[in-house]
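S.K.: Handing you this structure, nothing more for now.
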Amino acid sequence: MVVETIERSCEGSKRRHVNGGDIAVPCSGEECSNGDINVAPGVSAKRARVSREMTFEDIYGADALLNDDDDEDDDCDWEPVQAPMEFVKWCCVNCTMSNPGDMVHCCICGEHKESGILRHGYLASPFFKDTGLIEVEEKYGGSSSATSSTAVGFDERMLLHSEFEVKAQPHPERPDRLRAIAASLATAGVFPGRCLPINAREITKQELQMVHTSEHVDAVDTTSQLLYSYFTSDTYANEYSARAARLAAGLCADLATDIFTGRVKNGFALVRPPGHHAGVRHAMGFCLHNNAAVAALVAQAAGAKKVLIVDWDVHHGNGTQEIFEQNKSVLYISLHRHEGGNFYPGTGAADEVGSNGGEGYCVNVPWSCGGVGDKDYIFAFQHVVLPIASAFSPDFVIISAGFDAARGDPLGCCDVTPAGYSRMTQMLGDLCGGKMLVILEGGYNLRSISASATAVIKVLLGENPENELPIATTPSVAGLQTVLDVLNIQLEFWPSLAISYSKLLSELEARLIENKKNQMKRKVVRVPTWWKWGRKKLLYNFLSARMISRSK
């Protein structure tokens, strides 16, 4: 792998943290002076006289009058009424979008410019400046002891992985993602508190080579010797990135072992950089090492014969699919925005089912448009994910939990809520006795990812998800069509889907007929042509009569 390196002097390159915004250069006294127009009394009287005596006919011959010697002197004394002002720009801590300095709330997501989201997560008010919010800490916080067997993997050294260059708009995959989730969990008393922490370790090169080539592992390690580098235009690394990636993979590996061997019931890997785009020999899409793939193979080394990976990140996990597309012992199911290959990374069509004996063990649910929400996801779970997963009968379940399909995410532009994520987690919890590892992938709206991650962990702790979503859901027409396309392809490998496919096909036909009828009802009723011409003739006769009467 070739690492693209950019040399740059260290001098003057340190970041300054000013609420994620640009630092404005203050205007000098001369630039910001509020100059008035100083005019001599005689000149003022002359201008007033010219103003009174000027007519439209005089305009064309007034050049000499307006450009005499006295007025040339006036031009020397002229100053602008007000000098141009430079506005300080600030970037929203929640969604990274830039805003004018005179605005208090983000014009995109409405977050306060001094929001307390990094201290309290989604529990902080988006509309007010952070003032401590002691009442929030008292309501949700506490010193509850860890009474469950849900483990959380987290290490602060992963926060050191960040983009070195100071840019006008922050990179969406930034350390604040983990800070916001950790703040939500701490304020709610979930972690630390009700969850078990596990010690972090750096994964070994031998473990990584179960997934990646030695050249790829060496390329990532090389970045620790560089001030900053890029694998692709959007996949950065600094001197701490390689260690952060090893810590993330090591936490996922140890959580997988502890869950499968029964030391803990389930777990959540609060890690970065994400991993599902990282393939056998390449890093891309913000990802360096494939954490989910490492966890799956470590679980198999611990005794799991069959592993299920469900990837609900809004982007297709092309790296995970590449690693396991020929492996019948790992079933990979991905639900992602696709749009016919026009949405990043462009892979993950429904007909990508695996190869070389692994056909049927790659299941892609590619949404054809943005805006997909809870109903479509849960519908796909009911008719695709759970039937195939039940037939596969896994020993261990991994969720590649990207929260960029969440409502308000700047990259995903979909509409899944925390209630939707918690419901999907609960639906998968009935498989293999609840042996489940949830691994953080994407998600770039801090308020959305912190609320969604907290909702998922509460389900792992045994809490019931919010009852806002009905068990039986009606998908959008686009969602129903996508599910039918997937079922039609996967029928060859999972015959038990035949009954569901026939039923849904009839439902789609009924929906299309109903939509056609509604469109016909909404058509505008057109008036007869003779009536329109009759009105015109009546108006013509009326106006003609009035004109004739006036001319007499």
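The backbone N, Cα and C atoms fix where each Cβ goes, glycine too.
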S.K.: May I ask you to find which of Asp221, Asp395, Asp404, Asp409 Swiss-Prot records for the Zn(2+) site already listed with Asp313, His315?
M.R.: Asp404
S.K.: Which range is it, out of 86-115, 356-385, 416-445, that shows up in Swiss-Prot as zinc finger?
M.R.: 86-115
S.K.: So if I draw a 10 Å sphere around the Cβ of Asp404 (Zn(2+) binding site), how many other Cβ atoms end up inside it?
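M.R.: Other Cβ atoms found within 10 Å: 27.
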S.K.: Around the recorded Zn(2+) site, report the further residues of that chain (criterion: Cβ within 8 Å of the mean position of the Cβ atoms of Asp313, His315, Asp404; site residues excluded), sequence-ordered.
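M.R.: Near the Zn(2+) site, the remaining chain residues are Val314, His336, Gly402, Ala405, Leu411, Gly412, Glu441, Gly442, Gly443.
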S.K.: Between Asp313 (Zn(2+) binding site) and His277 (active site, proton donor/acceptor), what C-alpha distance do you get in Å?
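M.R.: Computed Cα spacing between Asp313 (Zn(2+) binding site) and His277 (active site, proton donor/acceptor) is 11 Å.
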S.K.: Round to the nearest Å and give the CA-to-CA distance linking Asp404 (Zn(2+) binding site) with His277 (active site, proton donor/acceptor).
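M.R.: So the Cα of His277 (active site, proton donor/acceptor) lies 14 Å away from that of Asp404 (Zn(2+) binding site).
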S.K.: List the helix, strand and coil residue totals of the zinc finger (86-115) as derived from DSSP.
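M.R.: Summed over the zinc finger (86-115), the classes give 0 helix, 6 strand, 24 coil.
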S.K.: Would you kindly give the Cα-Cα distance separating His315 (Zn(2+) binding site) and His277 (active site, proton donor/acceptor), rounded to the nearest Å?
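M.R.: Here the two Cα atoms lie 9 Å apart.
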